[in-house]
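Feature annotations, reproduced from TrEMBL:
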type	residues	note
DOMAIN	47-363	domain 'Aminoacyl-transfer RNA synthetases class-II family profile'
BINDING	GLU120, GLY121, THR122, ARG151, GLN165, GLU169, ARG294, TYR298, TYR299	L-histidine binding site
Amino acid sequence: MWVVPRATSITVLRPCCVRHQRRGTFYFCITREKWEELTMAFQKPTGTQDLLPGTVEKWQYVEEKARDLCRRFNYREIRTPIFEQTSLFERGVGETTDIVEKEMYTFEDKGGRSMTLRPEGTAGVVRSYVENKLYGEPDVSKLYYIGPMFRYERPQAGRQRQFHQFGIEAFGATDPAIDAEVISLGYQFCIELGLKGVKVEVNSVGNAAVRAAYREKLLGFLLPMKESLCKDCQSRIERNPMRVLDCKTDQEKFVNAPSILDSLDEECSTHFEQVKKYLDEMGVDYSVNPRLVRGLDYYTLTAFEYKAQGIGAIDTVGGGGRYNGLVGEVGGPDQPGIGLGIGLERIQLILESQGVEVPAVKPLDVYLVALGESAEQEITKQLFKLRQAGFSAERDYLGRKMKAQMKSADRMQARYTAILGDDELARGEIALKSMENGEQKTVKLSELADELK
């Protein structure tokens, strides 16, 4: 128990009937845990962040760039729930992945159902594609999403427990050209944002038959070194040996691992060669990484990652691949698919580290200054009319003097200030001042919007 003065502004548990002999002040007892709870200031959860005005505009710029690019590539937006049934991710993402084994935020709802905050975007989009029978559309379904994802992992630069992804998915086509289109869209997104040193690593993970044959070769390579590998790799060797190659701890031990490219059959090899040919023709800067398998179990054939300079050892911005069996895995018809996901926290980190200029706060069009009671009434009306006309406009609400109001206009980067006194109001006029060059002129109140245009 802790002893605290009665005057302390807290809710107490019970009186302890102890009197301070010197001052005669009553004290109360509370537990240490209760004291910390009552006096602690609320803070954001670990691994999350507040995006404040001045910063959020940079995020809006990146998101607008993604939306514009998707419009040009003819991808339509889809919005799916932030939480889904846990079994969707167990089946879709893969039970041997780090995401499912260690990182999911899973809870039981009041109906006793196991639910999980989405750790990635593809599984939910595939579920929606199947449930809403989008496979019945005559054309390829091309979708995109932007939103928060959740993984319980150690927070670090560019990696949060609540993070944001921009992703696209294309369903219904096996043509290698759609693989190249998806890869090029993500690449172009990075280029148009102004990122430097952007490269794409590509690989083919084959089909089920190819992976079965490759699995035996890989086991022959991994089993002799099993005891020297990390615990995660040891547990995965038998269940899913390809996932071992994705380990960040023991990468140097896999330099001489057999390449899956040597196990590709003719169909898979032809598909991969065609994807590379399209990328060459598009001018995408890429290289082949035969150990690239990605961290999700649903990939088939094409797999890829985007790399960029400026975020240290973890230089992956995003990635994706083809998942020809996933739609059927979640209960739909056998439809092919391919997609990508890009982490927006990492994009922001690279933009900052590379010194890329990103538009932040947009200037205010006009700041209205009122001098006098009658002018105050008129300014409120004029402010609303200007906003109706499409202008960004503001006024003072703190009763400040004109000098303070002009400083406020300057802080908001207002292009113009419109100053109205009671005398100007009687004449039906208002003073309009350019904050760039200081020029000022008088215009009719009824023509203020036209003058600003």
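Placed from the backbone N, Cα and C atoms, the Cβ positions cover glycine too.
TrEMBL entries are annotated by machine, without manual review.
All protein chains included, GLU120 (L-histidine binding site) registers 20 other Cβ atoms within 10 Å of its own Cβ.
Every protein chain shown contributes to the tally, and the Cβ of TYR299 (L-histidine binding site) ends up with 27 other Cβ atoms within 10 Å. Ranked by how many other Cβ atoms sit within 10 Å of their Cβ, the binding-site residues THR122, GLN165 place GLN165 at the bottom.
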